[in-house]
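Each remark here refers to the structure printed beneath this line.
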Amino acid sequence: MDIESKDDLLWYFAYGSNMSVAKFSGSRGIIPLNATPVFIPGWVLLMEIPGLPYSEPSFSSIRRRMQDDLEVLHTPDVSGVAYLITAKQYQHVVASEGGGIAYCDIEAVGTRIDDGSSVRLRTLGSAMNRSPCPRPSERYMGLLQQGAKDAKLSMEYCQYLEDLPTYQPSSSTWHRLGAIIFLNIFRPLMALMEEITTTNIKEDGNAPRWVIAIVRFTVFVIWATHDWIFTPVFGRGDGLNSFD
């Protein structure tokens with residue numbers, strides 16, 4: 001079905017854990033009208049959305065490939081699944097991904113893997129980012145890897161996801177102590193921010209500006225505390241080097 005023939009329908013590009021149709025339909029409660037594997041030429045996957053250090057340091061996003069960007073020089077074009085859904089369902093996707101706090105709505109042109117035809121896509125890109133990119137948790141990467149397999153993406157792309165480095169907590173007792181202290185302080189705070197966001201989501205799927213400002217400031221404080229207080233004392237919680 002051509003999305004341009006139906007104003008209420010669009011193709012949503014899932015490149016993260018939503019690549020699994022079972023998860024997308026189950027946890028999101030969205031039954032797509034159609035699904036097809038696609039890739040976006042000239043766009044790459046990055047783990048640049050800041051999460052919670054020592055636990056879930058980062059989450060995935062996409063951006064255009066830059067010629068001088070050494071970080072993604074040899075990475076493949078991002079692949080994923082295009083779901084044909086309604087505009088209302090897409091608003092639900094936006095709400096479930098934080099209501100415009102960490103992600104923003106973007107448009108791109110993808111290529112269907114099965115027949116090479118083009119498809120206009122809506123998806124979520126970075127509204128917040130951290131550079132260099134923290135490493136994602138094994139749990140989170142496992143969701144992407146399984147989603148790619150469920151979507152029957154190319155073996156090369158699945159292997160690329162398998163090879164991405166993940167956050168490995170240190171075996172050091174001192175480092176683990178720091179992680180426990182940090183998470184006991186900030187995990188409840190993040191849970192509170194999620195509750196505030198969820199209860200104030202607007203009809204279009206986005207959070208109010210005041211909520212966005214509060215949550216982004218909270219994330220800034222969390223990472224500033226990690227960088228300037230906990231890292232010098234206990235070691236990094238973003239996986240960018242080893243404490244040992």
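Each Cβ is built from the backbone N, Cα and C atoms, and glycine gets one as well.
The model shown is predicted, which means the values in this text are computed figures rather than measured ones.
S17 (substrate binding site): 20 other CB atoms within 10 A of its CB, across all protein chains. In three-state terms derived from DSSP, S17 (substrate binding site) belongs to a helical segment. Taken from TrEMBL, the feature substrate binding site covers Y12, F13, A14, Y15, G16, S17, Y140.
DSSP classifies E97 (active site, proton acceptor) as coil under the three-state reduction. Residues or ranges marked as active site, proton acceptor in TrEMBL: E97.
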Densest Cβ neighbourhood among Y12, Y140 (binding-site residues), 10 Å radius
Y12
Report the same-chain neighbours of G16 (substrate binding site): residues 6+ apart in sequence with Cβ closer than 8 Å to its Cβ, ordered by sequence.
F59, S60, G80, L143, L144, G147
So if I draw a 10 Å sphere around the Cβ of Y15 (substrate binding site), how many other Cβ atoms end up inside it?
23
Roughly how many angstrom lie between the C-alpha atoms of A14 (substrate binding site) and E97 (active site, proton acceptor)?
12
Between F13 (substrate binding site) and E97 (active site, proton acceptor), what is the CA-CA distance rounded to a whole number of Å?
13
